[in-house]
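> Structure incoming, see below.
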Amino acid sequence: AQLHYSVPEDREPGFSVGDLAKDLGVEVRSLATRNLRLVSEGGQRHFQVDLAAGVLLLDSRLDREALCGQSPACSLHLQLVMENPLQLHRVEVDVLDVNDNVPQFPKPEVVLEITEVANPGTRLPLEVAEDPDMGSNSISTYELSPSEHFALSINVRGDGVKMPEIVLEKALDREKVAVHHLTLTALDGGNPVKSGTAKVIIHVLDANDNPPVCDPPISKVHLEENVPVGTLVTKLNVTDLDEGPNGDVEYSFKTSNNAPGKFTKLFSLDPRTGEIRTKAPLDYEESSAYEIAVRARDKGSPAMEGHCHLRVELTDINDNSPEIVLTSLSSPVLEDATPGTVIALIGVKDSDSGDNGQVRLQIAKELPFKLVSSFKEHFSLVTSGPLDREKASGYNITVRAVDSGSPQRATQKTFYLRIADVNDNAPNFSSPFDTAHIQENSLPGTSVFSVSAFDPDEGSNAKLSYSILDNGMQDVPISTYFRIDQDNGTIYTVRALDYEQDKVFQVPVEVKDAGSPALSSTTVVHVFVLDENDNAPTIVYPSVPKGSAFHQSIPALAEPGYLVTKIVAVDADSGHNAWLSYQLQETTEALPFQVEHRSGEIRVAQALKESEDPHRLVVEVRDNGIPSLSASVVIVISLEENSVQDFSKSLDLPKSSPKDTNLTLYLIISLVSISLVSCVMFAVVAARCL
């Protein structure tokens, strides 16, 4: 939006220029929260914003003449920037002229000379009075004090400036009046009217009665800017009807307060030939035209002079490159910004005029941004497509400005836009499940396995924490068996594990980032408990109290091979740790019995003698673990004379109970499970190697 205000130049600081809140259509209380700030395009601060009242105030007293000189229009350009959302508003303030300057002549006293033979109608040009005010407050007219011989004539120059001249109305007689004293008054058009005066002293001379005459008296020349120094601008055409010294004309610049000596620094005048040439580079952007006044004076006695006026108008060429101004940049921008989000506000300037000052902006087409014209010479850079920080964390954006001149001139400006991360990616494990092994009876705090996840986001959105989920997959909460380091994902045991109680654990692990909202994913770690030989064999038959012996009677005539009894034992371990072997402890004397190494059957090894005393056997049951564990039982065998009995009836061997059957089945299932897991592990390792 563009706002337009006006303010007289003589107002004091604090003067209210305009109601910004009302004209912008926003509430006053939102101006502070939206960080309204004022930017002056010229770099000077003349205004301020009252955020509490929402009005634009004058910060310092304005002087229109100091700000804009003789320019007919005087405007100050401001920019209002508001955030949330980012908006740019242009403010143009016209500085209105007040009649605060008095007309002044270049000199308080003007001395003129006129020959006594001058004819009525002879004109004596006067220097123009200056009034810095503009419009109706500038010079309106001139007045001359009453005179019998002279009157005042006012001509209007091509640029509208009024030029006073004294006109001879009645022939002069130097012998009667040699000097005439007049008063010239300059009046402006203000209310009230202000005036300035100068004394005019006219000396009446003899002799040279023909002044130099310019033909034409007012001329115009067109010249390109930046022409080489020394270029001929024009040659003045001046004639003097007199002869000899009275017709020999000499030229000089005539300066005034309008441009005191300014054009004399840019142009040179040959005093003999009247040629005007450039002596410094001319810049259209500094001034598009120059008014040159030349005095043509002969060498008569007294000398007479004529006046020539030349207007030099410059033609613009494309000698200025466009200028890019980055007014505001919102960096970083979130990667989930919607298309059309304003990224930057860009202004462009070109000091040239016409087509040479018409500028268009361009950016690379492959970028997800586009330029939108806000108003004249102002553009908004907005998003035109989706942004993804994981693909591009930032963009070097080059804005190129090209004018419409011939040849074209261009400039470019590059700035970096950083893309801010949003939590749009969940962390991921490398595998949906993992396998780990741990020896039973490991100390609490033993490291079991380390899981690892990756999150392509950054900062807190990529800061990961690990946790174990108690999701009811186990009868007992899994957290009573394992814990996890939330920072590095290492799983530790909470207590010693018992293979005989739990052989496999499914540990669900969740990884969660620190974004808002947080995103997560899960994996399952299958922890297999490895058996160790921590259970000694248990003798289930014969069952005798500790420290007691089992008594068994057999016929005295039992022959070798006779089955005396059978030792039945079990081991809660599995695999090799549960493989049992039976043997008799060595004694000092040879025993007529032997025990089967694998079955535990005790048989008669040699013929028995009827007179033998009872035999005491110590049977040891040992597993195959490392180190090996064992149990033993004492068997006392007595001989019964003349007794023959059926072994199957007399030997009360234990029958397999459901509990023993279940134990054996459990051992078989454990062995099969371990074998299958080993096969799966070998297959996974082989697949990864391939």
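Glycine too: its Cβ is placed from the backbone N, Cα and C atoms.
What TrEMBL records for this protein is below:
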type     : residues : note
DOMAIN   : 6-105    : domain 'Cadherin'
DOMAIN   : 106-214  : domain 'Cadherin'
DOMAIN   : 215-324  : domain 'Cadherin'
DOMAIN   : 325-429  : domain 'Cadherin'
DOMAIN   : 430-539  : domain 'Cadherin'
DOMAIN   : 546-656  : domain 'Cadherin'
TRANSMEM : 663-687  : transmembrane segment
> For the domain 'Cadherin' (546-656), would you mind checking the mean pLDDT of the predicted model?
81
> Kindly say whether the domain 'Cadherin' (6-105) and the domain 'Cadherin' (325-429) touch, using the definition of 3 or more Cβ pairs under 8 Å where each pair is 6 or more positions apart.
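Output yes: the domain 'Cadherin' (6-105) sits against the domain 'Cadherin' (325-429).
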> Could you tell me how many residues in the domain 'Cadherin' (6-105) are helical, how many are strand and how many are coil under DSSP?
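Tallying H, G and I as helix, E and B as strand, the rest coil: 15 helix, 38 strand, 47 coil.
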> Summarise the domain 'Cadherin' (106-214) as counts of helix, strand and coil residues per DSSP.
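DSSP classes over the domain 'Cadherin' (106-214) add up to 3 helix, 54 strand, 52 coil.
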